[in-house]
Each structure stands twice: as C-alpha cells, then as structure tokens.
Amino acid sequence: MTVLKLSHWRVLAELADGLPQHVSQLARMADMKPQQLNGFWQQMPAHIRGLLRQHDGYWRLVRPLAVFDAEGLRELGERSGFQTALKHECASSNDEILELARIAPDKAHKTICVTHLQSKGRGRQGRKWSHRLGECLMFSFGWVFDRPQYELGSLSPVAAVACRRALSRLGLDVQIKWPNDLVVGRDKLGGILIETVRTGGKTVAVVGIGINFVLPKEVENAASVQSLFQTASRRGNADAAVLLETLLVELDAVLLQYARDGFAPFVAEYQAANRDHGKAVLLLRDGETVFEGTVKGVDGQGVLHLETAEGKQTVVSGEISLRSDDRPVSVPKRRDSERFLLLDGGNSRLKWAWVENGTFATVGSAPYRDLSPLGAEWAEKADGNVRIVGCAVCGEFKKAQVQEQLARKIEWLPSSAQALGIRNHYRHPEEHGSDRWFNALGSRRFSRNACVVVSCGTAVTVDALTDDGHYLGGTIMPGFHLMKESLAVRTANLNRHAGKRYPFPTTTGNAVASGMMDAVCGSVMMMHGRLKEKTGAGKPVDVIITGGGAAKVAEALPPAFLAENTVRVADNLVIYGLLNMIAAEGREYEHI
C-alpha cells in the first residue's frame, strides 16, 4: 500500500496532533541528521507532504491526522480497559480480530486493533471503505457474549448509540441513519461493521468502526470530526487519541449494559438520534426499491418499523439499505379524471396553474385590473372534474374578482399550525401570510436541507425552515418598488429613476439601486447566518428564492456566499406548495 518505513510512522505519529515539534527531536526519531529530514519527508504520500509547515526550526502539520504510535496506544488502552494492537498497514482490522477470535476467543474480548491503512477495508454489504492515510480513525475490537448470534441483531444500532454518545461528549452533534451509520444531515461521518464467530458455546462479535477524522477530499457527501469540531467553535484541533479513548469508554459502558439488558434501554435514545424518524425513505436491496414509506421507529430488537401504502412493515437490516426519499412530490390519482386549477393570489398579480397527473399542464398570470385571460382559460379547459384550490394575500375584493371569472367555488387555503410534516412556529398562525406558509411547503420540492425561503414581490419576505421540519418564522421588508416609492414620496432629492447596482455607486440613481439590493441581500445573509448557527453541526443551509426579483437577488449575492452555499431560483413556489398539499391529501385518500 505504501513504502513507508517504521521511521516514517514514528515521525508522522509525533506530528499527528498538529503541534510544533523541533527538528532535532524528529531527527532522533528518524535516526538521521536534521538536514536529512527534508529528503526524508519527500517520501511521504503526496497528500501528507503538503500539510507540513516549517518555522524557526520547528515542524508542524496544518491539520491533525489520525495516526498513532504503539506506546501511546498501549497507554490509552490501559486507561480504557482494552488490550491494543497497532497495524500501520493490514488487509482489514476486522480480519485481524476475527483470526484471533477463532484461535483464542477469550483473548479477542476487549482487544482492539487500530490500523492506518487497509487494503481490503469494508462496510456493510461488502462495500469498500475508501480512505487515505491519516484521514480516518479505523479500529476493530472483539466482545464475547453468552448468547447465540441470532439474539445479537440489535448490536449494530446499540454500537451506533455508543459512538454517538462519545461524539456528543466532545461537543459534536451527530445523528444515526438506520441501522448504524453516523451522519450529519446527508453527509456520512462513519460506519460500523459487525461480524461474528460462534465458538465454545459463546459468540465473539467483532465490531469494526471507521470515522472520518479529517474531511476526505476524494469522497462525496462526507463529514469529518475535524470539520464538526471547528463548526462547534471549539478551541484548537480535534485530537485522534482523545476521540478514540472517548469512544472506547462509551462502547465499554454501553456493551456491558447491552449484554445484561438487551437493546430495550436504548430504544428511546436511538429514536431521538434517528435522522429519518417520521420521514419518507426508500429501502433498497441490490439497488432495487423493496419498500417505500415513513419511518415510525425501531423496536427492542432494533427492527425498523415502516408505514407504507400497503400498511405497516417491519424490516431487519440484513442486505437492506436505507435512503432518504428525495423524489419530487407528485399528486396520486385519487379519481381517474380529477384535475386542479391552483391559484396564487399575490398583492399585485394573480398566478395560476392547471395540474394534470401531478404536473403543471399550463401556467398563467394576469393583473387584477384584467383577469379576462383566466376567464378565457376556464371556458376553454374546465370540465366537471376540476377542483380549484388557492392561496391569497390580495384581500377580499380581489378574491371576489377572481371568483367572478370562475364558475366553481374556490377553496382558499390559510396558514395552519402544521402541514406536510412541517410545524409552524408563528405565534398566531391565522395572522401568518398564507403565501409565506405555502412558499415554505413548496420549498421542500427543491431542498430537504435547512433553507432560507425568500419571496421577492410587493414585499420581500425572508423565512427560516429547519431540516427537521420546523418553520421558525422570518422577516418582512418593503419590496423594491415600495422602497423606491418611499424614497420618492418622503425625500426631496431622491425622486428619480433608480440606476444600476455597483459596488461603489457614484450617482444618486445608482446609489438608490445599490442600496435597495444591498438591503435585501443583507437580510438574506443575516437570516442564513442565524439559521446556520441554529442548525449547527456543519449542516448545509440552502437558499430558495422566488418572485419577480428572484434572479436579480441571486445574481447580487456575494460570489463567496454563492460558492459556499446552494442558492436556487424557484418560480411559482406558492403553487408548488399547493401542489404538495393536494398530493398529501391524495395519499390520505388512498389509505382510507
């Protein structure tokens, strides 16, 4: 795997904590002269070489690594009650403990093998565990149970509970994806592989754990302890030895209780940490979907309970893998010929969409002074199976104008305390603008992350929605036209055409245009910062922008902000919210 000698491993372990080390000390460890160290360092892997910084006779790495020395590991094991073995390179740490378990099962109990590189590292279902030297904390240990293998089906989730406890003790907020992945939102932090050997009337479970210590640049959708540590505003760097010792202490305590009491005492804790509890998921075998539904929880055996269209299902882990259901919401066919006309009654204009088979057939809009295009479309397209559903903030007079164009009663939907798995934290939901509510509901079609939902219309609203379905509220400010109108009416010298946006405007018109845009962008970025802090754990916070000024706002946001975050312009967001709502009604109808 590498051509590193023992001297390379000693020096690397000395530098792994990221603290400065004098070259004389490093040279003694490498058994060479200090002036030979630079050539010696060039033999390190490329991704390690670039981490070195030299200053005034001291070397340090710009980020810590998960690299150990045998003596330090032995002392750590003694404090934690484990025997230790260090393998700089091996096929698999699980294989090392499995071999020991077959030869001497009692010796395998609480013996831990830590490795830096694995040529055949694997996860559940034989998946390859990808890593580079120093990026991942990888270890395996044995635990002897006086139970047959079939009674240890919940060992995997209980090990995940122990790991999460340890990470929590270090100030890191981590979730569990059934059955045993450690995740931060959509990003995977670590995984657990359990293999068993039955011998002498006892079962030796070999627990293999891999946790990303630093962010692996060659792996997508990954999280790391180091990045979470920095996000949590902890001083200094994460320390791999502290992480490992904390994990061993928690694993020891949890497995002792598990051996005595089973999984039942841990169920509530697991439920609270389960990322997908109450959410839609897909369960796959060999890449094919075998179940889709909503996660209802796990039981005392670690079995997943799922609510599906066909009823309740129970799923053991086995060769099943779980994925969040990110497919766009569509409208189930409740009646073979049912169609919808969806209305978005804004302050200035009415928008509408004809929906057939769960998708927009046509989309239109008109000012309230002339709604004849809506009436013409109704005369052309309507039949006895069209249902009209709308959201309006335009006031009763304009709603009456809309009704005059249509020969069927409109169902105007208000804001509510809860819908589609989203809880509305507005103090008085009946006072909450329904457009803001349906914008939030519609945003779930474009992002399952926490997101800032921005609507640029007569007013600009900037709202916050968490990844776990809490609408937190938001701000309202005048839209671009109202800001310009206010300046024209309330000032003596600013009643002029707005110019263009510039970083440093030098004309009054340009200053007005730039100031208005800066106000909106600043409001968006401030809300994003608040939501980012509240969401925590390095989770992404997206920005979804809708309305007539959406494209201009997205273009005006700073390049650095755009590079670091997902910003998306979504037309007709209110109508998407209505579409999601009637889709949910369709699911309820089908279950009756």
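Positions of Cβ are set from backbone N, Cα and C atoms, glycine also.
Here's what Swiss-Prot has on this protein:
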type: ACT_SITE; residues: Asp435; note: active site, proton acceptor
type: BINDING; residues: Asp344, Gly345, Gly346, Asn347, Ser348, Arg349, Leu350, Lys351, Thr458; note: ATP binding site
type: BINDING; residues: Tyr426, Gly433, Ser434, Asp435, Arg436, Thr508; note: substrate binding site
type: DOMAIN; residues: 83-259; note: domain 'BPL/LPL catalytic'
type: REGION; residues: 1-329; note: region 'Biotin--protein ligase'
type: REGION; residues: 336-592; note: region 'Type III pantothenate kinase'
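Listed in chain order, the extra residues whose Cβ falls within 8 Å of the Cβ center of the ATP site residues Asp344, Gly345, Gly346, Asn347, Ser348, Arg349, Leu350, Lys351, Thr458 are Ser365, Tyr368, Val393, Cys394, Gly457. Across the region 'Type III pantothenate kinase' (336-592), the prediction's mean pLDDT works out to 87. Closest to Tyr426 (substrate binding site) in space, going by CA atoms and restricting to the recorded positions Asp344, Leu350, Asp435, Thr458, is Asp435. Neighbours of Gly346 (ATP binding site) among the recorded positions Asp435, Arg436, Thr508, defined as a Cα within 10 Å of its Cα, are Asp435. DSSP classifies Gly346 (ATP binding site) as coil under the three-state reduction. Listed in sequence order, Cys391, Ala392, Val393, Leu413, Pro414, Ser415 are the same-chain residues at least 6 apart in sequence whose CB falls under 8 Å from the CB of Ser434 (substrate binding site).
Between Thr458 (ATP binding site) and Asp435 (active site, proton acceptor), the C-alpha separation comes to 12 Å. Within the set of recorded positions Asp435, Arg436, Thr508, the entry lying nearest in space to Asp344 (ATP binding site) is Asp435 (CA atoms). Cα distances from Thr508 (substrate binding site) to the recorded positions Ser348, Leu350, Asp435 are smallest for Ser348. Distance noted between the C-alpha atoms of Ser348 (ATP binding site) and Asp435 (active site, proton acceptor) is 13 Å. The CA atom of Gly433 (substrate binding site) is located 16 Å away from the CA atom of Leu350 (ATP binding site). Between the C-alpha atoms of Arg436 (substrate binding site) and Leu350 (ATP binding site), the distance comes to 16 Å. The highest number of surrounding Cβ atoms within 10 Å, among the binding-site residues Ser348, Thr458, Thr508, is found at Thr458. Straight-line distance linking the Cα atoms of Asp435 (active site, proton acceptor) and Leu350 (ATP binding site), rounded to a whole number, equals 12 Å.
Residues Asp344, Gly345, Gly346, Asn347, Ser348, Arg349, Leu350, Lys351, Thr458 are the ones the record ties to ATP, and the longest Cα gap between any two of them is 14 Å.
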